[in-house]
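Asker: Sharing the record's features from TrEMBL:
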- A:Tyr109: active site (ACT_SITE)
- A:Asp151: active site, proton donor/acceptor (ACT_SITE)
- A:His255: active site, proton acceptor (ACT_SITE)
- A:Asn11, A:Glu38, A:Asp151, A:Asn153, A:Asp254, A:His255: Mg(2+) binding site (BINDING)
- A:Asn153: site 'Transition state stabilizer' (SITE)
- A:His255: site 'Interaction with DNA substrate' (SITE)
Amino acid sequence: MTQKIQIASWNINSIRARIELVEKFLIEYQPDILCLQETKVVDDLFPSAPFRMLGYNHQALHGQPMHHGVAILSKLPLRDIRRHDWQQNGEARHVGASLANGMRVENVYVPAGGDIPDAEENPKFGQKLNFINQMIAWSQDVETPTILTGDFNIAPLEHDVWSHKQLANVVSHTQIEIDLLNKLQGTGNWVDLARHFTPAEEKLYTWWSYRARDYAASNRGRRLDHMWVTPNLLEKAASHQVHVTCRGWAKPSDHVPIVTTFSL
DNA sequence: ATGGTCGCAGAGCGA
């Protein structure tokens, strides 16, 4: 008998501003586990009750005032919850937890990196590169079946952005970021599930700027959100979906949810 | 055309 587990990841851009949107998503798609990024709330003020009402009784929260913040909401018990602060700067960007079957879920919000792709001119860009380097060191030791998901803030492939040429020097698609992300991927032999199921030649986005007059008409998106697995989980991954329609919902996040179905 | 829009807080910054 096989067990089906669906795991979702969504940069929600404030959980308090969008709790109804999340409820709509959970009712419609019923994932077992939801990884959130940019919750923008301290743990004491996290809206836990609406999730419990929907059966997500197991909650690994890792928030801070104002910015960032990650959380794992789960119908399945979570254990060995770890809240990482990779740069010892108080930023809440990574929370991980194990399931009863031994799988680990690692939920990450990589720094956006500011506007100028130069570490000396723009410390935020340096922080982003440093963060990935910390993850590379961490990734060396990952052996258990692990899902690494979240907002990586990097769109590595040509068709992960609306224009490879026009974004070549735009933070999220610069070669230095792509090289570093590829190094991280190689370190753990991580498999990029979205591209495992969708050919590299096909455009695939998870984020569209709020600034476009009509996001759908201009369709200038980027694939910033990812779900990677260790090779020992690959054969269990049955499908991967990007729920583009959520970008068109009222009061949307600028990111859409991604969901992987595992057959265990 | 170098703008545009969000959320947090309660001005301006980060995204």
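Including glycine, each Cβ sits where the backbone N, Cα and C put it.
Bear in mind that the values here come from a model prediction, so they are computed numbers and not experimental data.
Help me understand the surroundings of these features in the structure.
Answerer: Taking the Cβ of A:Tyr109 (active site) as reference, residues of its chain lying under 8 Å away and at least six apart in sequence are, in sequence order, A:Asn11, A:Gln37, A:Glu38, A:His68, A:Gly69, A:Val70, A:Arg93, A:His94, A:Gly150, A:Asp151. Under the three-state DSSP scheme, A:Tyr109 (active site) falls in the strand class.
Reduced to three states, the DSSP call for A:Asp151 (active site, proton donor/acceptor) is strand.
Counting every protein chain shown, the number of other Cβ atoms lying within 10 Å of the Cβ of A:His255 (active site, proton acceptor) is 23.
In the structure as shown, the Cβ atom of A:Asp254 (Mg(2+) binding site) sits within 10 Å of 19 other Cβ atoms.
A simple way to gauge crowding: the CB of A:Asn153 (Mg(2+) binding site) has 25 other CB atoms within 10 angstroms, across all the protein chains here.
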Asker: So among the recorded positions A:Glu38, A:Asp151, who's got the most Cβ atoms within 10 Å?
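Answerer: Going through A:Glu38, A:Asp151 one by one, the largest Cβ count within 10 Å is at A:Asp151.
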Asker: Would you mind checking how many other C-beta atoms are within 10 angstroms of the C-beta on A:Asn11 (Mg(2+) binding site)?
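Answerer: Excluding its own Cβ, the number within 10 Å is 24.
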Asker: Give me the sequence-ordered set of same-chain residues, not including A:Asn11, A:Glu38, A:Asp151, A:Asn153, A:Asp254, A:His255, with a C-beta within 8 angstroms of the centroid of the Mg(2+) site's C-beta atoms.
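Answerer: Other same-chain residues near the Mg(2+) site: A:Asn13, A:Gln37, A:Tyr109, A:Trp207, A:Leu224, A:Asp225, A:Ser253.
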Asker: May I ask you to report the DSSP-based helix, strand or coil state of A:Glu38 (Mg(2+) binding site)?
Answerer: coil
